[in-house]
């Protein structure tokens, strides 16, 4: 746990430093090419595909030896076309009486009817494990980790589909860095969690994606902070602060689309090999998106121009450390801790980027910026907790308790006068006075 927390803190520092370096390249080195920067750094994800040379389970998927081991493991099961095992229940006779005689000694004759029940492929592993002893399951532990994972072909298909959404989300982030400060961009980009809550409620992948009052409160809190931060960015003299804020929000919305759609495509995160996924994203980015240089150059949005040697070094270091290595470290940190801690660690980029802008770029932020940064920061925590505890709705629980308390209080207030009236009617006044006289005497 301690090692995982240290790694996640290191990832936060790397991401903030990467954003500051990108902003430095765009503004100080006067190489404002967001498309070129995004294309280069995203294409460097292709380095993950070296895992096919270094990582044995990936090589086994290509050679087919892993499928042979799966077939041997599921010896009593069939394997369907996508490599998943299909386990069948044994055949058994059904008791259907076909004839009853009227004699004294009645006999029941059963029809020779057999039925076959077929379990879905998703339950093949559980059905097999339920019939295995614990020592046998431990012997197959390394192989069981790969059972149920998507094949190389399936991962490549998903990467091809999400390559464009991923690229557009990162391009919007780079465009925002070219127009405004890093702190403002990171604060507005953190609203991706709120966009994820909204889109997951509209396009749910399971029953836990329902929209609750707590999620509504988190959305309202974040949107209020976004408005204040956006107003603070309008103070820039060149007017690019507003454009940068819009690019940041667009990137956050696109990243939310990417998260929700991949969750609908892959029901469990352990089924998708994340490094292989990003490796194919980098490959498809390199092969399919290079025509964007021609389109942007001839339309005048971004003239194609190779950077200087120094800028080349900055971009390559930024892509290697700030993109490829940081993604690996973040996944490792989440594995050592949890996905909740890993997501909460992302929120630390907000204060770190504010400190970096103040110390390195001598930026002075207005009170509107800090007034908006606090609710956005808090809503990030709330959204993360609500995503982790899917069916938790503390706002609804609090409202129900308040409503129940009010109802009990009203019931007590209504019962109090009735009790007084009963006391007065049951104890006559002359009896009370007579008792007092007797007591005095």
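Just so you know, glycine gets a Cβ as well, placed from its N, Cα and C.
Here TrEMBL flags 1-19 as signal peptide. For 35-55, 150-169, 181-204, 216-234, 246-262, 274-299, 311-332, 339-356, 368-391, the entry in TrEMBL reads transmembrane segment.
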Residues outside the transmembrane segment (274-299) whose C-beta sits under 8 Å from one of its C-beta atoms, at least 6 past its ends, are 35-36, 39, 42-49, 51, 58, 152, 155-156, 158-160, 162-164, 166-167, 327-328, 331
What stretch in 150-169, 181-204, 216-234, 246-262 has the biggest tally of Cβ pairs under 8 Å against the transmembrane segment (368-391)? 216-234
Which bits of the chain, at least 6 residues beyond where the transmembrane segment (216-234) starts or stops, bring a Cβ under 8 A of a Cβ in it? 180-181, 184, 187-188, 191, 194, 197-198, 241-242, 244-245, 249, 365-366, 368-369, 371-380, 382-383, 386, 395
